[in-house]
Amino acid sequence: MMSCAVGGGVVEQPEGTAVAAAGPDEQRFGPVRCAVQHAAGPGGRGRARRLVRRGEQYVVETVSPQVRLIAKTEFLPPEDVPWSTDADGGQALAEFAGRACYQSWQKPNPRTATNAGYLDHIIEVGHLSVLEHGSVTFYITGISRSVTHELIRHRHFSYSQLSQRYVPETDAAFVEPDVIAEDPELHERFLAATRASVEAYTELLAGLERKFADAPNATLRRKQARQAARAVLPNATETRIVVTGNYRAWRHFIAMRATEHADVEIRALAVACLRELQKAAENVFADFTISTLPDGTEIATSPRVAEG
């Protein structure tokens, strides 16, 4: 535990957490009058610090991207094809598509008789088009808009992201980079900057709502106010997004973004996605290995793919 003096009182929080509270003369982010301790150990670095409002307090949390599987391919094999496999879903579909190209239903090669063996061979020879038939959908939270600006460059994915035009950001959370959070002076500057942005957003929103008060359409009135006020919100603002991609697109994303050359936050996201992909379609992503760098951050590599 750690003790933080906030608003004249003491709040007990687990290690890795600090609290900022609004006292009588303080605004939303009161000064954190204690040293912020951060989680250590494997994977501890590279995780973001998220500022979350809890009533009149702001809690500084150590968080990882939350990647939740919400949909994946279902495969319904045709009854008139003399073939079966030891997998299901998108993995079975990928094998079916590959065998359909050559009508190799009888599995003449022992090396490719299993689904794992077949897909390993497919990846080895680069016949990756068959991997485009299976797909996975994730609901991703706890990431910044800075990261989604990079994520949406992957044009083979499909996206549905939290709309700042319809959802008010008066209680927005912010994702703080490790390199800033671990430096007390820079951390305080980050707190001040995010506080200023929320205060400006709130004031602009109130003024714009008054400006559009006579507009007959309430939904349009709110949208016009929020879409203008959001201009002052930083890239660090937390967002939520639904992402759908086929197996090939996900493999490309992991190869590009789980490398040590990628931004720390999107790299952590890519590794988190890979962990879920290896559960959902192990035979498609088994060639990727997750390892830890000397600084504690994680990367993923495969002998079958090259960055880019």
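Positions of Cβ are set from backbone N, Cα and C atoms, glycine also.
The secondary structure of Gln161 (FAD binding site), as reduced to three states from DSSP, is extended strand. For Ser129, Arg153, His154, Arg155, Gln161, Asn246, Tyr247, Arg248, His252, the entry in TrEMBL reads FAD binding site.
The dUMP binding site feature in TrEMBL is assigned to Glu150, Leu151, Ile152, Arg153, Gln161, Leu162, Ser163, Gln164, Arg165, Arg230, Arg257. Taking Cβ-Cβ distances under 8 Å and a sequence separation of 6 or more, the neighbours of Arg165 (dUMP binding site) in its chain are Lys223, Arg226, Gln227, Arg230.
For Arg257 (dUMP binding site), the count of additional Cβ atoms within 10 Å of its Cβ stands at 26 [all protein chains shown]. Look at Arg257 (dUMP binding site): DSSP puts it in a helix. Sequence annotations record features per position, and here TrEMBL assigns active site, involved in ionization of N3 of dUMP, leading to its activation to Arg257.
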In whole Å, note down how far the CA of Gln161 (FAD binding site) lies from the CA of Arg257 (dUMP binding site).
20
Helix, strand or coil by DSSP: which one applies to His154 (FAD binding site)?
coil
Could you measure between Ser129 (FAD binding site) and Ile152 (dUMP binding site) for me? Cα positions, answer in whole angstrom.
22
Just report the maximum Cα pair distance in Å for the recorded FAD binders Ser129, Arg153, His154, Arg155, Gln161, Asn246, Tyr247, Arg248, His252, no decimals.
28
Length of the line joining the Cα atoms of Ile152 (dUMP binding site) and Tyr247 (FAD binding site), in Å:
17
Just how many other Cβ atoms lie inside 10 Å of the Cβ on Glu150 (dUMP binding site)?
16
